[in-house]
Amino acid sequence: KCSHLRLACRTEPKPYYTSKLWWCGITLLGLGEVGNFIAYGFAPIALVAPLGCVSVIGSAFISVLFLKKTMRAADILGGTLTVTGTYLLVTFAPNVPQELTARRVQNYLVSWPFLVYLILEIITFCILLYFYKRKAVKHIMVLLMMVALLASLTVIAVKAVAGMITLSAKGKMQLTYPVFYIMIVLMATSCAFQVKFLNQAMHLYEATAVVPINFVFFTTSAIISGVIFYQEFQSAALLSVFMFLFGCLLSFLGVFVIARNKREEHLQIPFIDCGLIPGKKLTGKIQPDSRSSRYGTLNNEDDSVKSQS
């Protein structure tokens, strides 16, 4: 974001990929995602997925330093709620150390709870896709629910792949089993379609609405998939489950507080002179549409102007 703002202020615009700052940001982003991937190999899904709220806190505070944003009371309150929720998540998360061998993943894939869950998920996704494609319903909830349904499969596949790679690195080779490559295909496919629908949501709605709702949906679907597929809360005490869910609730609330009433800043687009247009003054202005690449239209166009158009 910082790189794009700097390039936009230059008199001679250059492509963003020529910026060293942009490449630095992309590299750091990639390293963060690699760390996130590795975490699934060592910790339960129910712990890794909710900790994504840390990125929301980091973005709110780092933007003050790099983007010169103003620190709001809502940011401090939301950060406090999220940190408290994160502490509860880490403290009461299920502790179920297990070696994810290829055979164990195969057994999980054909278990009855997962098959029932998969059938229900496919039916729900097909219904949402029908409304999205045939009825042109592109409500933010429809789009992000499809993203969440795909995300549940993504985290299952990511944890399986990361777990089998971790075991292979320890000397127990798991990469020769077909299920490893099946999980890689599932991970790549579900990720690609997630990007498609999430990009559609970001295009149609404000990021301040998409980010918190997507975080809640993604985290909820990830926890459910971890419970059903990997049986992560199988031996957990009732108090631990309650405190874990309470921590999730605090994290969700904190993310919403941080994103609430925060609007994206758009670069100012200069007005353009109309010139000699019938029925318009020489000093008349047209304001381009900042939400697309098209220019705005003239108000009260007469027939002569419409015919010239």
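Glycine residues also receive a Cβ, built from the backbone N, Cα and C atoms like all the rest.
In TrEMBL, annotation is done automatically, which means it is predicted and not curated.
Note that the coordinates shown come from a computational prediction; the quantities given were computed from them, not determined experimentally.
Look at TrEMBL and you will find 21-39 (among others) tagged as transmembrane segment. Beyond the ends of the transmembrane segment (21-39), by six or more residues, the same chain brings 2-4, 6, 48, 55, 158, 162 to within a C-beta distance below 8 angstroms of the stretch.
According to TrEMBL, the transmembrane segment annotation covers 45-67 (among others).
If you look at the transmembrane segment (74-94), the same-chain residues 6 or more away from its ends with a CB under 8 A from one of its CBs are 43-44, 46-47, 50-51, 53-54, 56-57, 60-61, 232-233, 236, 240-241, 243-244, 246-261. The feature transmembrane segment is assigned by TrEMBL to 74-94 (among others).
Beyond the ends of the transmembrane segment (114-132), by six or more residues, the same chain brings 108, 138, 142-143, 145-146, 149-150, 152-153, 224-225, 228-229 to within a C-beta distance below 8 angstroms of the stretch. The transmembrane segment annotation in TrEMBL covers 114-132 (among others).
Taken from TrEMBL, the feature transmembrane segment applies to 144-167 (among others). Panel annotation: around the transmembrane segment (144-167), residues 37-42, 45, 49, 99-102, 105, 121, 124-125, 128-129, 132, 174-175, 177, 179-180, 183-184, 186-187, 190-191, 193-194, 197-198, 201, 210, 213-214, 217-218, 220-222, 224-226, 229-230 of the same chain, lying at least six beyond its termini, place a Cβ under 8 Å from a Cβ of the stretch.
Feature annotation from TrEMBL assigns transmembrane segment to 179-198 (among others).
If you look up TrEMBL, you'll see 210-230 (among others) marked as transmembrane segment. Taking Cβ pairs closer than 8 Å, the transmembrane segment (210-230) reaches residues 44-46, 49-50, 52-53, 56, 96, 98, 108, 113-114, 117, 140-141, 144-145, 147-149, 151-153, 155-156, 159, 198, 201-202, 248, 251-252, 255-256, 258-259 in its own chain, all 6 or more past its ends.
Non-local neighbours of the transmembrane segment (236-259) in the same chain are 46, 50, 53, 56-57, 60, 74-75, 77-89, 91-94, 208-209, 211-212, 215-216, 219, 223; each lies 6+ residues outside the stretch with a CB under 8 Å from one of its CB atoms. According to TrEMBL, the feature transmembrane segment maps to 236-259 (among others).
Taken from TrEMBL, the feature region 'Disordered' covers 285-309.
According to TrEMBL, the feature compositional bias 'Polar residues' maps to 289-299.
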